[in-house]
Amino acid sequence: MMARSKQLIILFDVDGTLTKSRNKIEQNMLETLKQLCKLHYVGIVGGSDYHKIKDQVGQDVIDMVDYVFSENGLHSFKNGEHFHTQSLNKFVGENQLQKFINFTLLQLSQIELPLKRGTFIEYRNGMINISPIGRNCSQQERDDFEQYDKEHQVRKQLIEKLENEFKDLNFKYSIGGQISFDVFPKGWDKTYCLQFLNDFEKVYFFGDKTFEGGNDHEIYIHERTIGQQVNNPQETIKYLNELFLQI
């Protein structure tokens, strides 16, 4: 195999880019990544924790890629080895964190939806994930809420209330996936991982939520990246074949 050049690295979002939302990676994507990794450096950057990303894309992909930036890079891995961590509660402080969580729970309790399930707030190492319907919903319930939210803007309205209440925390609110949004300090979006890629001349990024407010937006428009918007994994394969695999 020819030595890969550090001229470029290709980064991928997970949901809607490498896989269907919250689904396992499919065989055609796995085969495409195998070919890509022979030619170029490849990384994954996702808002979920490392174990969720690994469960979604599979151990074969984790072993194959050069970098895994879980929680946007707050937990970073290179060639399978953990090399960086950052913590939300250390950065913000437990007192402020509890005020934010308590206020959010109060607001969630006042939202009426066609249905609600469980796990409305999920604390992660570097962010808080908030879901008005609850993360324990089924895939069909996810699909239904996504359509309901497009019409009623449930997530957007809740974000506006939180922004108004906690202006001093300098938080960023990012809608991602079908049912939730992420909350984290400004600068802790997916661009956080770019500080570890200074050896590369070009950084390509593939993502689906590239619109303003989406969790791929900041890295998609960043001056250091060449952004490629996709709508689903099949489009990702199409563009990879055209740009890098010449198929």
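Each position is counted from 1, following the chain as shown.
Keep in mind that glycine also has a Cβ here, set from the backbone N, Cα and C atoms.
What TrEMBL says about this protein:
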type: ACT_SITE; residues: D13; note: active site, nucleophile
type: ACT_SITE; residues: D15; note: active site, proton donor/acceptor
type: BINDING; residues: D13, D15, D208, Y220, T225; note: Mg(2+) binding site
type: BINDING; residues: R22, R124, R135, R142, S180, D182; note: alpha-D-mannose 1-phosphate binding site
To see if you understand the setup: which same-chain residues, six or more apart in sequence, place their Cβ under 8 Å from that of T225 (Mg(2+) binding site)? L11, L194, V203, Y204, F205, I219
Inter-residue Cα distance where the pair is D13 (active site, nucleophile) and Y220 (Mg(2+) binding site), in Å: 10
Max Cα-Cα distance in Å among R22, R124, R135, R142, S180, D182, the residues listed as binding alpha-D-mannose 1-phosphate? 21
Whole-number Å distance separating the Cα atoms of D15 (active site, proton donor/acceptor) and R22 (alpha-D-mannose 1-phosphate binding site) is 6
D182 (alpha-D-mannose 1-phosphate binding site) CB neighbourhood, other CB atoms within 10 A: 25
Hey, how far is R135 (alpha-D-mannose 1-phosphate binding site) from the residue listed as 'active site, nucleophile', Cα to Cα, in Å? 20
